[in-house]
Amino acid sequence: MFFFRRQNAKPAPRPSRAPSFALPKRRPPVQLTPSHQHDQLPFLRRSRFSALPHFRVYEDEPENLSLFIAILYVVDLFGIFPFVTLPALLVKLGYFGVLLVLSIIFLQIYTSFLLSQCWTMAELLDPSIQQKRNYPYAALAELAYGPYVSLLVSVLLDLSIFAMAVPSVVMAAENLEAVVLRMSGGQYNFSYCYWAIIVGLVICPLMWLGSPKHMRSLAIIAVCVMIIIVGLLWFCLFAAPAIGAPFEGISLELPGFLTVLNSYSILAFQFDIHPVLLTLQIDMKHKSQVSWAALSGISITCSVAIIGSVIAAYKFGSMIANNLLQTLPTSVPFYVMLILMSLQLCFSVTVASSAMFMQIENYFNLPETLSFKRMLIRSSILALEVLIAEFVPSFDALMDVVGGTITGPLVFILPPLLYRRIRRMERVHQRIAAEACYGSLPLDLNYDPIELEMEPLLVSTPSTTPRGCWLRVVRLLHRFECDVSCTMGVLIFGLLATFLSTYLNIFSLADLFTNNSPCLGNLTNHFPQ
């Protein structure tokens, strides 16, 4: 036995007789959580094995956004546009307008849910997608359809965010110009052209912030300002004298096709959160709750905007201007409301632009910390937005073009396409992973636990009872894969609406700058004829 003894074997340590408090403290064992950093079966390809459990050392996650803060972000993202433009839109559409508004909002909520589900499935399919957090929408498109579609999504996303910031700057400058003009009784006017530059200077330092998780205080302040704005708006509506009979000019007749199409573009512009939704989801503590944040934020904003629209329609009827602020009489609360609206628009532009800036900074390989290059890039883009705002005649001039042509694909076309594609990839991935785990064992990959659970209920419940009818409807919807069928319906609607809106915008693009901006007129006056 001596010849088989290991030469370098150390004898077992003798138990210590020292008290327990004198013994060295043992380090706690390292906690392990599933990861994809180390493959346990080297002969399998990574794409076939990435669904199997691996382990990595557990690290404390950084502080992320809660559900409440995410809801505040969504409310702040919409800004004040629904409160200002929705009343005239509903009066123009008549009673049919309420149905159209609720339908568009429901589709927005549904596609936001699809988009959030796409990111959840993508993290399971390819965990390396988490490293592409600066451009999540484009990363999903690359995973599903390749680099060319990813480039198209990046261009559409940047154009959408950039174009949505311009009307905000225009409206903020117009509000401040109206305050000075009305307070002085029309005797003194500080030009809108200078107010646009001042608004840009206010937004500039706010733009230097990073992702939404670095803007918690900004979101809280913005929502507090929004609450004050809504209170002042309702006060001005109740205090304003009525014009004509209540709900005068609002009919039950269906509006014209062009009116419905223009209204769709404006609604798609006003209630769009998809460019920032994925960025918000990545920064959340529980990523699965982002759909609840979108649902709550959209419901709150829509409810308040519809209530204000009903009050305005009762007071003014068909006399409401496209901008509700132009219909309200002047008063001290009205002036305070205009100033706060301009401030809130600055906050809204800051939050909405974060996704675009993070994508551009990732292209230049900039760190997430504050740097001179970040300040230079973001300030330059903001300066270009202010420059374009100087030559836009009104804030609603770009709504049709942006909402119908640019926002439509991001909201109603791409989320259903990505969802259907990634879900099909997930099913194939699960089959491959199961085959890799169990080898040649026969597997029932068509196993459906819902069918097995519902079968005894259907047998024991008569089909004539309400419960029996409901169970059979649920099973039918499950067999038809209702979520996939709904995505196809939304996809067809998005394709038709985007095509028709783009076709209409091509012919109306020449009329976009018919009424030139005062800044352009002032500039031409300085040159000799």
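Placement of Cβ uses the backbone N, Cα and C atoms for every residue, glycine included.
TrEMBL does not curate its annotations; it predicts them automatically.
Database features (TrEMBL):
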DOMAIN    85-427  domain 'Amino acid transporter transmembrane'
REGION    1-24  region 'Disordered'
TRANSMEM  65-89  transmembrane segment
TRANSMEM  95-122  transmembrane segment
TRANSMEM  143-172  transmembrane segment
TRANSMEM  192-211  transmembrane segment
TRANSMEM  218-243  transmembrane segment
TRANSMEM  292-314  transmembrane segment
TRANSMEM  334-355  transmembrane segment
TRANSMEM  376-395  transmembrane segment
TRANSMEM  401-419  transmembrane segment
TRANSMEM  484-506  transmembrane segment
Practice prompt. Taking the transmembrane segment (376-395) as the first stretch and the transmembrane segment (292-314) as the second, find out whether 3 or more Cβ pairs fall under 8 Å, excluding pairs closer than 6 in sequence.
Written response: no
If you count CB pairs under 8 A between the transmembrane segment (65-89) and each of 95-122, 143-172, 192-211, 218-243, 292-314, the winner is 292-314
- Proximity of the transmembrane segment (292-314) to the transmembrane segment (334-355), 3+ C-beta pairs under 8 angstroms: no
For the transmembrane segment (401-419), the distant same-chain contacts (Cβ-Cβ under 8 Å, at least six residues beyond its ends) come to 107-108, 111-112, 114-115, 117-118, 137, 140-141, 144-145, 153, 156-157, 159-160, 163-164, 167, 261, 264-270, 272, 274-275, 487-488, 490-491, 493-495, 497-498, 501-502, 504-505, 509, 512
Tertiary contacts of the transmembrane segment (143-172), defined by C-beta under 8 angstroms and 6+ residue spacing from its ends, are 79-81, 84, 118, 122, 125-126, 129, 135, 137, 195-196, 199-200, 203, 269, 272, 275, 341-342, 345-346, 348-349, 352-353, 355-356, 359-360, 381, 385-386, 388-389, 392, 394-399, 401-402, 406-407, 409-410, 414, 417-418, 421-422, 425
| query | When you check the transmembrane segment (334-355) against the transmembrane segment (95-122), do you get at least 3 Cβ pairs under 8 Å, counting only pairs 6 or more apart in sequence? | reply | no
Ranked by Cβ pairs within a distance under 8 Å of the transmembrane segment (95-122), the first of 192-211, 218-243, 484-506 is 484-506
Sequence-distant contacts of the transmembrane segment (192-211), meaning Cβ under 8 Å and at least 6 residues beyond its ends, amount to 169-170, 172-174, 176-177, 218, 279, 283, 342-343, 345-347, 349-350, 353-354, 357-358, 368-370, 374-375, 378-379, 382-383, 385-386, 389-390, 518-519, 522
